[in-house]
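Now, the feature entries from Swiss-Prot:
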| type | residues | note |
| --- | --- | --- |
| ACT_SITE | D298 | active site |
| CARBOHYD | N131 | N-linked glycosylation site |
| CARBOHYD | N349 | N-linked glycosylation site |
| CARBOHYD | N432 | N-linked glycosylation site |
| CARBOHYD | N770 | N-linked glycosylation site |
| SIGNAL | 1-23 | signal peptide |
Amino acid sequence: MASRNRALFSVSTLFLCFIVCISEQSNNQSSPVFACDVTGNPSLAGLRFCNAGLSIKARVTDLVGRLTLEEKIGFLTSKAIGVSRLGIPSYKWWSEALHGVSNVGGGSRFTGQVPGATSFPQVILTAASFNVSLFQAIGKVVSTEARAMYNVGSAGLTFWSPNVNIFRDPRWGRGQETPGEDPTLSSKYAVAYVKGLQETDGGDPNRLKVAACCKHYTAYDIDNWRNVNRLTFNAVVNQQDLADTFQPPFKSCVVDGHVASVMCSYNQVNGKPTCADPDLLSGVIRGQWQLNGYIVSDCDSVDVLFRKQHYAKTPEEAVAKSLLAGLDLNCDHFNGQHAMGAVKAGLVNETAIDKAISNNFATLMRLGFFDGDPKKQLYGGLGPKDVCTADNQELARDGARQGIVLLKNSAGSLPLSPSAIKTLAVIGPNANATETMIGNYHGVPCKYTTPLQGLAETVSSTYQLGCNVACVDADIGSAVDLAASADAVVLVVGADQSIEREGHDRVDLYLPGKQQELVTRVAMAARGPVVLVIMSGGGFDITFAKNDKKITSIMWVGYPGEAGGLAIADVIFGRHNPSGNLPMTWYPQSYVEKVPMSNMNMRPDKSKGYPGRSYRFYTGETVYAFADALTYTKFDHQLIKAPRLVSLSLDENHPCRSSECQSLDAIGPHCENAVEGGSDFEVHLNVKNTGDRAGSHTVFLFTTSPQVHGSPIKQLLGFEKIRLGKSEEAVVRFNVNVCKDLSVVDETGKRKIALGHHLLHVGSLKHSLNISV
């Protein structure tokens with residue numbers, strides 16, 4: 001039956017607020033876990049590893065030298081056992097902070113003192129904002145709340161987030177955790193979020209606020225699809241795709257974000273488990289990229305490469321292979337159980353173990369774990385009062401608003417006018433959703449505001465479920481009756497974790513069960529505007545709704561976090577002008593019917609009827625394209641500055657001086673001697689808001705290169721989000737590096753500068769640029 005709902009908060013919200021108030025009045029706080037408590041044990045003051053005035057290297061060397069082999073092995077696992085004789089407590093490495101402090105992993109938990117933490121939108125929606133400042137701001141709040149929880153013994157300091165895998169296939173259950181399908185967006189998200197988590201207020205590179213971890217390295221984007229399982233999947237990836245699609249976010253994490261950790265994945269890449277591949281770990285992460293931190297396995301990965309993948313004949317051999325490849329920390333206990341046996345069998349020596357635990361200890365020292373009482377350190381004043389603050393919760397609301405994508409708006413049907421809507425029908429399986437809004441890898445939110453509650457704060461709203469998300473059985477008749485009696489309808493449908501999640505990929509792109517029938521029949525009966533809200537991580541084939549004239553507006557809201565209902569209402573009623581853009585392609589169902597999820601190739605193969613993947617390589621039909629979006633205003637672009645010609649100066653003996661070349665290596669003296677002070681040039685654009693209301697707008701700079709080396713159809717060079725008032729204009733500047741930004745990856749995985757005609761794209765503008773020698 002339909003029911004009136006003007007609830008401002010749920011009962012659980014009121015209870016949570018009550019608990020917070022009580023806990024603030026309590027002086028019985030738990031203590032954080034830390035080493036070198038010289039106040040409690042003055043004898044520790046003479047230990048060099050407890051001397052914060054020494055270099056981290058000197059302290060680590062001293063500590064490792066004091067440990068027995070058995071004690072060393074205890075620090076190879078995520079539940080480090082500690083050494084009481086040296087004043088080192090046990091420590092749980094595994095905490096998560098994908099979009100807020102989580103209680104997944106055991107390293108962090110919620111208690112009476114801190115019963116919840118701010119739950120921001122799931123990453124895919126935050127990425128849709130294309131706002132680098134927002135990415136970093138969220139990371140900073142999450143790390144502040146984490147430190148506050150650590151100070152009362154409720155959290156660790158090492159967080160295995162973010163997930164920067166490429167959202168390669170629309171069926172992937174974990175696509176919701178990622179920044180989307182584009183390497184440039186994913187890289188910028190990775191760097192900004194990592195900096196938000198890690199950077200200290202003092203800016204000391206040898207100190208960490210918390211330690212972030214970029215995962216899952218590498219080419220991991222399938223969980224469980226038609227009996228293809230991540231634990232046994234061998235990702236066959238050519239060097240070209242590895243270099244220009246799968247690796248860039250991880251490289252950016254390490255090189256530009258200075259992340260403290262990288263997690264290797266379950267899958268194999270070209271026949272080798274990533275956690276036992278010395279080329280990927282020691283060669284690339286620590287060698288080429290110079291990781292300052294530790295490499296951790298996904299949980300049980302070393303056990304998996306032995307028991308599931310049969311890459312090692314014995315557990316001891318599996319441990320040895322992982323340590324010798326460059327793995328420092330094993331999530332779970334496998335390496336702790338079998339490392340001693342590996343040493344005794346001569347498969348690995350103690351030096352390899354010393355190297356691994358040294359990286360782990362160095363990270364903890366940068367966090368201040370070995371500096372004594374954290375309450376006397378930089379963030380020692382943080383506590384429960386700094387978690388779930390009004391500002392933090394407002395940022396969660398604003399983050400959701402900035403990410404929401406308006407996909408259809410017939411005849412300007414949105415925003416709705418509150419004064420014109422006397423009765424609003426709110427219908428659908430996600431219309432009164434709570435936990436669904438916060439996706440996965442979440443904690444306990446400060447509070448929930450459901451879509452129904454958010455809308456009901458503005459206009460009189462009547463609710464009808466229609467069906468649950470699976471929508472096997474539906475009460476469509478009651479929903480139709482309600483729609484027919486209301487001035488406007490908001491339908492909130494889509495997915496939840498039963499449809500898409502870790503360990504569960506989708507098999508099709510249809511709305512679940514009878515949801516399409518529910519939407520179509522409700523829209524047919526409605527006598528006013530019909531707003532379709534899709535709550536999901538991945539895209540759906542909603543061609544039926546796109547073409548249905550009775551459905552006047554469509555919005556995608558991802559999983560919008562604890563304040564999702566408020567953000568949705570802000571957009572629907574015009575308090576916020578939508579400015580999000582899709583971070584991934586929405587494909588038709590026909591696409592997944594002919595493309596196996598297990599095919600890792602990004603580029604099309606016409607001879608096999610393979611269409612390729614992502615906007616960079618796929619030219620077929622889409623439901624909605626990457627970066628698609630509408631807004632309540634209009635923005636015009638005018639190109640002010642960009643070169644027509646870039647000349648590269650080659651050495652006298654360079655072979656391309658005497659013969660015609662299609663491309664050059666993207667390294668060498670010619671990369672320093674191009675026009676405009678090196679290999680850089682600037683693109684300036686004037687952007688004007690020509691509409692009748694203020695709004696934010698993302699300016700995208702794309703490029704199309706000459707078709708050599710299977711180069712992308714187009715690729716994103718950069719983006720900038722700006723806010724303009726009515727009739728306001730501003731200049732947006734992009735700095736373009738020829739060798740970095742205009743290069744493509746060849747078939748061997750090397751970067752090349754394509755010579756000849758390039759196109760720069762901004763909106764409908766196209767600018768020709770020629771690169772010559």
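Don't overthink the numbers, they just go from 1 along the chain as shown.
Placement of Cβ uses the backbone N, Cα and C atoms for every residue, glycine included.
Locations of recorded Swiss-Prot features on the structure.
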residue: N131; record: N-linked glycosylation site; Cβ neighbours (10 Å): 26
residue: D298; record: active site; Cβ neighbours (10 Å): 24
residue: N349; record: N-linked glycosylation site; Cβ neighbours (10 Å): 13
residue: N432; record: N-linked glycosylation site; Cβ neighbours (10 Å): 22
residue: N770; record: N-linked glycosylation site; Cβ neighbours (10 Å): 14
Rounded to a whole number, how many Å is the Cα of N432 (N-linked glycosylation site) away from the Cα of N131 (N-linked glycosylation site)?
28
DSSP three-state call for N770 (N-linked glycosylation site): helix, strand or coil?
strand
To the nearest whole angstrom, state the Cα distance for the pair N349 (N-linked glycosylation site) and D298 (active site).
24
Measuring Cα to Cα, tell me the gap between N770 (N-linked glycosylation site) and N131 (N-linked glycosylation site) in whole angstrom.
31
Length of the line joining the Cα atoms of the residue listed as 'active site' and N131 (N-linked glycosylation site), in Å:
29
